[in-house]
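> Below is the structure I would like to discuss, written out as structure tokens.
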Amino acid sequence: MRPQHVLGGTFKLLDGHEIPLVGFGTSPKTWLTGWKWSQLEMDTAIEAALGSGYRLFDTANFYDNDDVLSNAFNKLLPNFNLTREDIFITSKVEIIIPNIQENTHRILDKSIKAFEYLDLILIHYPKYEALAAPGIGPRRENDSKDNQNDRYEIYNVLEEYKDKGKILSIGVSNFEPRHIEELLPKVKYPPTVNQCEFHPHLCRPELKKYCQENGIFLQAHTSLARNNEELYNEHVLKELAAKYSTSLQHILLAFAYKQNVGVIPKSVNPERIRRNLKFLDIDLSDEDIKKLLTLDKGYKGHYTPCIQWNIL
């Protein structure tokens with residue numbers, strides 16, 4: 001990504017590249033049943049996002065939208081006097097067994113053909129997950145000793161692509177500190193990013209501290225907790241929304257951002273895409289953050305199927 005003023009600022013990664021703190025998510029509507037974006041929906045969303053100032057765009061092989069997303073960029077970037085170098089594209093690759101290396105090459109080649117190169121690639125999950133890639137390989141249990149070898153095998157392929165300049169930065173997603181620690185003695189490039197579920201019901205203080213101490217950028221997914229009714233009824237959250245005359249969603253986004261945790265909100269609605277950025281105007285105090293941290297429910301507060309803390 002070309003150095004420039006970026007809305008919301010940037011974070012300097014361990015490898016020297018800079019990543020925007022605020023991005024636009026393109027995940028499916030539902031995790032299991034999926035929901036592929038139509039070209040019109042993607043064009044409309046990307047036009048609103050680019051016009052509003054978003055410069056980081058988050059996707060994944062599992063989302064199956066490389067085609068419509070790359071088409072949208074090819075069509076719309078010139079309208080804003082932007083080029084590929086003016087945006088930051090994150091993608092994710094999942095572990096698929098058997099033939100991890102072959103499958104990873106196939107996925108990366110497809111994405112690189114679509115986007116020229118990837119600013120950041122993340123390992124989507126710390127083990128092969130049959131739900132994400134049904135019918136491809138045998139089930140991997142959470143306590144399987146093969147999980148560690150699988151993570152190293154896929155990471156090794158990502159390093160090959162970084163050496164060739166096709167990937168600029170490497171990171172992980174839904175990884176625990178122990179998963180990262182196991183990789184460090186074996187890899188050439190340490191992970192620069194860890195993308196995990198993060199909101200007041202799942203604050204992950206130990207994980208956040210580990211990432212901060214090791215220079216790893218923590219990026220939140222599911223910042224809005226999938227509109228969980230229990231969270232949205234929390235008195236503290238409602239109190240702060242009233243204090244700042246804003247929405248509950250804006251408080252949740254500001255909660256992460258004020259802690260230097262990246263956010264990637266998603267919407268297909270142009271007005272909501274623009275409105276989501278209003279959280280940047282909210283200056284939560286340290287006391288506000290402390291109040292929200294008291295809502296932490298630990299592992300019981302997760303609202304996605306990502307339960308990586310049980311994985312060996």
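In case you wondered, yes, glycine gets a Cβ from its N, Cα and C as well.
What TrEMBL records for 30-292 is domain 'NADP-dependent oxidoreductase'. The active site, proton donor annotation in TrEMBL covers Tyr63. Residues annotated as site 'Lowers pKa of active site Tyr' in TrEMBL: Lys92. Positions annotated as substrate binding site by TrEMBL: His124.
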> Per 10 Å Cβ neighbour count, which of the recorded positions Lys92, His124 ranks highest?
Lys92
> Do you know offhand how many angstrom separate Tyr63 (active site, proton donor) and His124 (substrate binding site) by C-alpha?
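That comes out at 11 Å between the alpha carbons.
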> I'd like the number of other C-beta atoms within 10 A of the C-beta of the residue listed as 'active site, proton donor', please.
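That number is 20.
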> Give the distance between the Cα atoms of His124 (substrate binding site) and Lys92 (site 'Lowers pKa of active site Tyr'), rounded to the nearest whole Å.
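That separation, Cα to Cα, works out to 5 Å.
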